[in-house]
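What follows is a short report on a single structure.
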């Protein structure tokens, strides 16, 4: 089961990586062939610039290289994309031109972008985050903290891409436009969705490869991501209302309700994890108990405080000719009543029922005459634990 899950994560990461490469490659073809439909998915909106498409294609290749253990090549390409994104972001912050926007192609199609070929600042930040995740995943030696850090960036990237895309659906311009001069394109937001999913599945696959699980920290990771995205959403609504000269408490309401929902969701996920952990530990304990019971030469049954039999070893089933499936889940008194049918003197057996099931530190010895002229020498001792009493014969 675990191997199938690992393969599922591997195949899912490969699929989303290929989709990311296909998206970036189609835009590159669109720029070289002059096909506007490949550059933008809505009329009169900004097109994905050449550097963005190239970065998607390169980072998609990086993820596939990681999955097939070409770590050095993957990290080298990721560093190049991080450097390019930093240069573009540096241009936006300091309002300078380093001539990297049209380094590979002269942009002839320039709707809604004041700087031809320049990536949006949120696009640059997203590529930097994706590159950092690839550098972490490609490390030779992992720790739990590295896995958590990569998970935080991957989850943030997924939530941010959902926020960017929702801005187009809801006409909330400030959700995807962090700079009025260079907004993010719709197909760019979709590309980050695909790439973030590829990174998440690759991260899960590599965690299993290194024998590390980040699931214990997942409530905090998801809670942090949801809180930051909710804050960005509230800020986007506030900026949109400010630009339209609308004054309302809607941004504050979004922030408060989103924060409450985030806290409740985080707590719910935390307690679900605790319950799953308790269930797994209980299953392991049950399996260990059953293996221990079957290894002994004594016939043993155990029941809980409600009198329901929880364990019955193979020896007990053989001695009393009762299938274990028939014994488990049955009330102890009902079982003793069934055992009476094997006794020659059922009345005498019933008189000893109380002796059999009461906790005692001493062995009780008795001889039972069973049907078919069979005699059964019985040495019994009942013990009581915090969970359930035992009966050994």
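Each Cβ is built from the backbone N, Cα and C atoms, and glycine gets one as well.
Annotations in TrEMBL come from automatic prediction, not curation.
Range annotated as transmembrane segment by TrEMBL, chosen from 96-117, 184-205: 184-205. Which of 144-164, 291-311 counts as transmembrane segment depends on TrEMBL, and there it is 144-164. Long-range neighbours of the transmembrane segment (217-237) within the same chain, counting only residues 6 or more positions beyond its ends whose Cβ lies under 8 Å from a Cβ of the stretch, are 144, 148, 151-152, 155-156, 158-160, 162-163, 167, 172, 174-175, 250-252, 254-255, 258-259, 261-263, 265-267, 269-270, 273. Ranked by the number of CB pairs under 8 Å to the transmembrane segment (184-205), the listed stretches 9-33, 45-68, 75-94, 119-137, 144-164 are led by 9-33. Ranked by Cβ pairs under 8 Å to the transmembrane segment (75-94), the stretches 45-68, 119-137, 144-164, 249-272 are led by 119-137. Within the same chain, residues 10, 13-14, 17-21, 23-25, 27-28, 31, 36, 39, 74-75, 77-78, 80-81, 84-85, 88, 100-105, 107, 109, 111-113, 117-119, 123, 127, 130-131, 134, 137-138, 168, 182-188, 191, 195, 198-199, 202, 205-206 sit at least 6 positions outside the transmembrane segment (45-68) and bring their C-beta atoms closer than 8 Å to a C-beta of that stretch.
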